[in-house]
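**Q** Found this in TrEMBL, in case it helps:
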- B:His94, B:His132: Fe cation binding site (BINDING)
- B:Cys100, B:Cys103, B:Cys140, B:Cys143: Zn(2+) binding site (BINDING)
Protein chains: 2
Amino acid sequence: MEARIEKIKQQLQSQGYKLTPQREATVRVLLENEEDHLSAEDVYMLVKEKAPEIGLATVYRTLELLSDLHVVEKMNFGDGVARYDLRNDNNTHHHHHLICVQCGAVDEIMEDWLTPLEERLEKEFHFKVIDHRLDFQGICHRCNKKDK
Amino acid sequence: MEARIEKIKQQLQSQGYKLTPQREATVRVLLENEEDHLSAEDVYMLVKEKAPEIGLATVYRTLELLSDLHVVEKMNFGDGVARYDLRNDNNTHHHHHLICVQCGAVDEIMEDWLTPLEERLEKEFHFKVIDHRLDFQGICHRCNKKDK
DNA sequence: CTCCGTGCAAATAGTTTGCACTTAC
DNA sequence: GTAAGTGCAAACTATTTGCACGGAG
C-alpha cells in the first residue's frame, strides 16, 4: 500500500504536481476500497472521516487529475454518476464488469478476453485500439441462488 | 420506415400508451438518424424542425418511455450526456462501438462477437447475461489515414 | 514572493418534476 | 368526463468554476 502511494506520488511529481495531504487522503480511500466503484460523493464522504476539512470540489479536482494521469479510470454505469476505479500497475485497464440488474452489485473479471478481438479490429477495420470497456448486465450468482 | 413506426405504435399500445404526434415525431427523428447516437438535446432540435411547439421535457419523457419499453437504448459514453440508440427488431442490442478519441466519431460493428464469452460467463461465473456493452476507444480508420 | 492547491459559494449543464391546460376516447 | 399527455417554468443533481486565502519552497 505504501509502495503504491509512493509510486503515485512520483507520477504526480514527474508532471509537476504535489501529493498534498488532501490528495493523499483521497488516494488512500481509493486504495482501501479498490473493489468498489466509488462515486465522487462516496469518496468525499470517506475522505471526510479522516480529513473533515476537505471540500467536495477538491475531491473532484483530485479525481480529475488522477484520471488525466491515468491513475484512476473515470467510468459511467448509466446512473448519472461518474465512478472511479484505480488502474493497475502499468496503468492499463483490462478487466470487465458484471453488473447485476437485480441487486446492483458490480463484480469484476480480471482477465482480458478481448485481445483476439482487438487484433481483428486493427486488421479488418483499421481501427487502432487504445482501450476498451466491456460490461455485462444480468443476474449475479448471488441473486441466482436466492431466487431458487 | 412506416412499418417500423407501426410496430413501435403497437408496442406502445400493448402497454397502454399512445403514439401521439410528439412521440411519433421523436421516433421519426430517431429512425432518420439511426447511425448517430443522438443526445436528448440533439433529438429535441431535430424534432423542433418538424414540430416547433414540442417541449424539451416531452422529448425526455418520450425517450425515457421508449427506453423502458426497450425500443431505444439509453447509453452513456462518458461525456456527461445520455445518448439514445434505436434497438433492432427483436429489441436486443448486439452491436459494439468504435469510439475515436481523436475526432470523436462513433462507428458501430453490427456483429455480435460475444456469444462464446457469454456462455463461458454463465458456466464459470454463474452470471446470467441479459445484455452487454462493448466499446473500444482508439483511432479510427479516417484519422489513421489523415495522420500519414 | 510566487505559485500551486484549497475551501467555499456561486455558476452551470443535463435532466426531472409540478402544475394547469389540452386532447382523445 | 376521465385519464393520459403536454408545455412551461421551476427544481434538482452532479459537476465545474471564480476567487480570496494558506502554505511550501
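Every residue gets a Cβ built from N, Cα and C, even glycine.
Keep in mind that this is a model prediction, so the values were computed, not measured.
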**Q** Using DSSP, would you call B:Cys140 (Zn(2+) binding site) helix, strand or coil?
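**A** B:Cys140 (Zn(2+) binding site) sits in coil per DSSP, no helix or strand.
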**Q** Taking only the Cα atoms, work out how far B:Cys100 (Zn(2+) binding site) lies from B:His132 (Fe cation binding site), in Å, as a whole number.
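**A** Approximately 20 Å lies between the Cα of B:Cys100 (Zn(2+) binding site) and that of B:His132 (Fe cation binding site).
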**Q** When each of the binding-site residues B:Cys103, B:His132, B:Cys140, B:Cys143 is checked against chain A, which show a C-beta distance below 8 angstroms?
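**A** Among the binding-site residues B:Cys103, B:His132, B:Cys140, B:Cys143, the ones whose Cβ sits under 8 Å from a Cβ of chain A are B:His132, B:Cys140.
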**Q** To test your reading of the Zn(2+) site: which residues beyond B:Cys100, B:Cys103, B:Cys140, B:Cys143, same chain only, put their Cβ within 8 Å of the Cβ centroid of those residues?
**A** B:Val101, B:Gln102, B:Gly104, B:Ala105, B:Ile139, B:His141, B:Arg142, B:Asn144
**Q** Including all protein chains shown, what's the count of other C-beta atoms within 10 A of the C-beta of B:Cys100 (Zn(2+) binding site)?
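**A** So the number of other Cβ atoms within 10 Å of B:Cys100 (Zn(2+) binding site) is 21.
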